[in-house]
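Below: one structure in structure tokens.
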């Protein structure tokens, strides 16, 4: 049980957490609480609060009555901004009272030149923070203020807090620029990445898995033990925990129906987007329109991957679509990055030249930067490519046109908007046939065998290819249930104490459960599905009956099996010829079958008979050449009847 469930005074959510709003019906009062159930200062009122303050707002309120000098920088929703900054006096290393300094002289924070006039001996110290505003280990850096230029964006609008000033935004970008050079990411560590780092340092039993963008993977597993689904914040979804790796969590990359719909939309219609998000007068945004200008910056193969990294940088540079459009309008391509970073900071960062920019305080001092520059060539190339892209007129023009096509979300997140554009990126820019259309079960899981063209391979429950399973001309033999359970049990046993015993299934060469199974000295019989039939004792031998499926398989000779395959194929050929002459099939559906793609009745927008579905499904288990032969040759039936079986290439 959770801490909330162990008490009876406060209300809990279905997931076991404290409800954000708690009420006392006898007094008619309500108040907000934090994650630990503690009442938030200043939130108690008559009736239910419309909105609870975020953790950063609560910290700011408390600082008004305390002696702390640096209020935190808060986001619009009240949470802590990922990058926090404070100011240090370079003479005695004392902290500048930012709260009173901004209140007394807000004009000092409009430009860097005005800041230096008010505070000539002050530098900044910026770091990444967690959800509670605490500094993350290994992220702090001292940024000097002496050589920062005033930009075209200085003094735009009135700022109500330091985090809304151009001074803060330039410092934030510089700090993230240092992280780009050191880590290859223009962002702070995500909660998942920070939890993973801490777990690995402490040799924890559970180490969370993170996606490439830093989010929690929808399925989390303890090595060799249980797996469970989590929400975007990493919290376990109640009722999803189970033993083994067969769990399927229906969000993210492991969602088969979502992947299939996206791939079909790319195949039939090209890049698509929700119609409400694009104005009728603008052409829909395209991934290729952003990729083409990057050809001169990176190789063709690296284009899509680099575009993803570039989108991360753009998201860190601009808080919203409207801010990005404003920056692109107010600055020329040649001066854009200088206006964003207050000088040629990014170009110098590509050469690890931080002289006069980074001070000695913090874990990212000049000594560490210069000593690591030799081993960070890959990040150096990335920073150089990003710097060139941010001054390339063709890319910036395509980027601006993409943002202008968005009509209903000018204040929306730049990353959310551009992620939809990236979803239309093909694996190869000039090969539409390279689209992979995953095949899903009726329950939304990935089918165990996936095919494209003449190749097939096995996948796991997350749709990831099983190494070494790819074959041509015939479907591969995927790991059976017995083999999967055996592999899971072996992983579990490797993490158990010496001498501990668990059941490790014994499988035949064909992947079936052997009739006799043992756990240490105790043996028992199982049926073909691995279910226990009779328990044995530790004394004497246990005799088990042979499984019927194994007897039938062993009794069939190679000749009989080949004849059965030939007969089955001939029947399927005759069926497809009959169905191909029917007007019920839409134009082009035979081609889709030849390409190894079977559409559901919903995707076809018409009903299909059970016979049509069965023929389509069976044909997809054959090679590409056999499909084309069956789908397009009207003389195949005569050939099948006249040609000897040994001379006819059936490709089955």
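Easy rule for this one: first residue shown is 1, then count along the chain.
Using N, Cα and C of the backbone, Cβ positions are placed for all residues, glycine too.
Here's the feature list from TrEMBL:
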| type | residues | note |
| --- | --- | --- |
| DISULFID | 23-30 | disulfide bond |
| DISULFID | 32-52 | disulfide bond |
| DISULFID | 229-249 | disulfide bond |
| DISULFID | 458-478 | disulfide bond |
| DOMAIN | 1-52 | domain 'Thyroglobulin type-1' |
| DOMAIN | 53-148 | domain 'Thyroglobulin type-1' |
| DOMAIN | 189-249 | domain 'Thyroglobulin type-1' |
| DOMAIN | 422-478 | domain 'Thyroglobulin type-1' |
| DOMAIN | 479-544 | domain 'Thyroglobulin type-1' |
Counting by DSSP secondary structure, give me helix, strand and coil numbers for the domain 'Thyroglobulin type-1' (479-544).
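Within the domain 'Thyroglobulin type-1' (479-544) the tally stands at 14 helix, 15 strand, 37 coil.
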Can you give me the same-chain residues 6 or more apart in sequence from residue 30 (disulfide bond) with a CB-CB distance under 8 Å?
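The answer is 21, 22, 23, 24, 44, 45, 46, 47, 48, 49.
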I'd like the number of other C-beta atoms within 10 A of the C-beta of residue 249 (disulfide bond), please.
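Here the count is 20.
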Between the Cα atoms of residue 249 (disulfide bond) and residue 52 (disulfide bond), what distance do you get, rounded to the nearest Å?
31
Quick check for the class: what is the C-alpha distance, in angstrom and rounded, between residue 32 (disulfide bond) and residue 458 (disulfide bond)?
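Between the alpha carbons of residue 32 (disulfide bond) and residue 458 (disulfide bond) there are 50 Å.
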When the Cα of residue 229 (disulfide bond) is compared with the Cα of each of the disulfide-bonded residues 52, 458, 478, which one is closest?
458
Determine, to the nearest whole angstrom, how far the Cα atom of residue 478 (disulfide bond) is from the Cα atom of residue 52 (disulfide bond).
52
Check the domain 'Thyroglobulin type-1' (479-544) for me and report the mean pLDDT.
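For the domain 'Thyroglobulin type-1' (479-544), the model's average pLDDT rounds to 81.
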In sequence order, which residues at least six apart in the same chain have a CB under 8 Å from the CB of residue 52 (disulfide bond)?
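Spatial neighbours, sequence-distant, of residue 52 (disulfide bond): 20, 21, 32, 40, 43.
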Would you count the other CB atoms within 10 A of the CB of residue 229 (disulfide bond), including those on all shown protein chains?
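Cβ-Cβ neighbours of residue 229 (disulfide bond) within 10 Å number 21.
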Including all protein chains displayed, how many Cβ atoms other than that of residue 23 (disulfide bond) lie within 10 Å of its Cβ?
16
Among all protein chains shown, how many Cβ atoms are found within 10 Å of the Cβ of residue 478 (disulfide bond), not counting that one?
18
Write out the long-range same-chain contacts of residue 458 (disulfide bond), meaning residues 6 or more apart in sequence whose Cβ is under 8 Å from its Cβ.
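For residue 458 (disulfide bond), the qualifying residues are 448, 449, 450, 465, 466, 469, 476, 478, 479.
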